[in-house]
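K.L.:
Here it is, the structure in full.
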């Protein structure tokens, strides 16, 4: 979608909101993230992260504040303890009760998976936790008769009666830091339990789950707010798909507007199907709203906002004949098309338009963005629940800020916008409701800065007078009447060149993330978060990186496709992002990823919900993940290491045999001594060439990417 192309389909200065110069020539998938050696990290026996128990633990009280047991499991462990202790007299109670309680309660330890050697679900689970040698020896001396009551493992039962050393050897862990009770005493392991893990540079370590793939530039993912917990994914070409709570996709699309949507396969084309929003009362009126590029009369390019309805005969299909055009705006250029639609808490529809394109907003004396009579470069607010008296298909809210200003368009809610790419409404803190209703936007910059804004009524966001915190047009910037709203955060193009706005996390599954505004950059592929200081109301940026060993849970991945197109929130409040490895509107390389905090989860059962049933007439397409999980990669690395060690042993043995035979013969020449051993049946490796999606070879680039920049040109002066 993106960049400056000298083609009949694009214009100079044409840049997609999510792409910057010098990237789209990378045809091969570019994945971020890496996997290191598996190291200890908090993990429970169900292979999930630990949590804070919602109720007090009466028995395993050492793990009352954080661990792997809720009250139900705590009571089950207590019942087993008393069942075992019923076999002992009073003296044995005093002697062994503490040991047995300690051992049973290790299921509640935040490091339970390591104590039971259960990090990998493919390996068998221990019957007893790993005990440190001194502790194990003391337990065996005092209470070896209890072992048969604690485990039915025949090897452990046979070993304890003969030799305590043998028994303790079987319970030994390779890393003594994780055996009990050392794991309790290790300050490094317990210092930051329950908070988001950070690497040495302070980067927040999160993980991902792949939930969808094979999409053509997925630009939007929204839910209907109707209790069904479906989500609707829009592709740039104009097709919208329905995904069900079980992860499957319906075979028939919800909406197909390919014949009407204006876009091309060219990387750099920003036009297309750009926005989708469901009416707050969708469950009753079946209405939703779409934002797309189209050709009007005399081939004038327009952006169109329309209302549509869901089919009466199929709740998973739009009625193609129901489209009612709400608003059309002429586009003077093919870029900076905006594209966001959302409903505020006030029930009004907010529309986010770009400044009309080209570079520097060159239209008129002040540009479109500063011209309140233009609908370009604006945040618009309209009432779609009825028509106006003058024949317009919407009403203007009476409290819009410029309703009474001569020359200003009454639909304008805020102005001075360059090209806001992805905005979101904050649900508010789930307990205090703090922040509820705030609207966050990422506004793509020109030459130097990308910014994140909080939208306020009547606000002027500075463009083209300012870019980020700095002046862009010095003459306009010196205007005392500018009175612009500064970004809550801006970053330079050394970090990234095309911001993708995100969401404030308000979900249930990852409570540590509550209140973090998570966003990214299309060009650099960076994931970032903003954290608010409630006292100063200032925001601090935190980098997000994907964990390596911290993501060693079933189903979690630590890599993603580089080009971050959009962010999303499901009906339960969990966060996702949409990305592609090849940003063309017709290339099926887009995926959707869900954020997961591996450091802490919600207590079991807290986040359960029961979706409202929805009838499906279309066949379901089962999701098949393409990304390798961290556990898969670790297993592969382990197998490679084992093969390498085996080959080294085999080669060493062969060399010894050859040496013994050669001692009776003439010494080999220096040339023959350089030959390497190749196993029977193996062939000499040939160079592998991976084709680009277009079937072309990847261009040779110097260390500074000059070849790439020359191919791409610059998307703005």
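Even glycines carry a Cβ here, placed using N, Cα and C.
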K.L.:
Which one of 479, 647 shows up in Swiss-Prot with the note N-linked glycosylation site?
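P.N.:
Looking at Swiss-Prot, the N-linked glycosylation site feature maps to 647.
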K.L.:
Compute the C-alpha separation of residue 551 (disulfide bond) from residue 203 (disulfide bond), stating it in Å without decimals.
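P.N.:
With the alpha carbons as reference points, the distance is 15 Å.
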K.L.:
So how many other Cβ atoms are close to residue 508 (disulfide bond), meaning within 10 Å of its Cβ?
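P.N.:
The Cβ of residue 508 (disulfide bond) has 17 Cβ neighbours within 10 Å.
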K.L.:
Within the chain of residue 607 (disulfide bond), which residues six or more apart in sequence place their C-beta under 8 angstroms from its C-beta?
P.N.:
507, 508, 509, 572
K.L.:
What is the Cβ neighbour count of residue 203 (disulfide bond) at a 10 Å cut-off, with all protein chains included?
P.N.:
17
K.L.:
Within 10 Å of the Cβ of residue 545 (disulfide bond), how many other Cβ atoms can you find? Include all protein chains, please.
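P.N.:
For residue 545 (disulfide bond), the count of other Cβ atoms within 10 Å is 20.
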K.L.:
Based on Cα distances to residue 545 (disulfide bond), point out the closest of the recorded positions 207, 423, 441, 647.
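P.N.:
Looking at Cα distances from residue 545 (disulfide bond), the smallest one goes to 207.
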K.L.:
CA-CA, which of the disulfide-bonded residues 203, 207, 423, 441 lies nearest residue 647 (N-linked glycosylation site)?
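P.N.:
Out of the listed candidates, the nearest Cα belongs to 207.
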K.L.:
If you draw a 10 Å sphere on the Cβ of residue 441 (disulfide bond), how many other Cβ atoms land inside?
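P.N.:
Residue 441 (disulfide bond): 27 neighbouring Cβ atoms within 10 Å.
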K.L.:
In Å, rounded, how far does the Cα of residue 203 (disulfide bond) sit from the Cα of residue 441 (disulfide bond)?
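P.N.:
Between the alpha carbons of residue 203 (disulfide bond) and residue 441 (disulfide bond) there are 23 Å.
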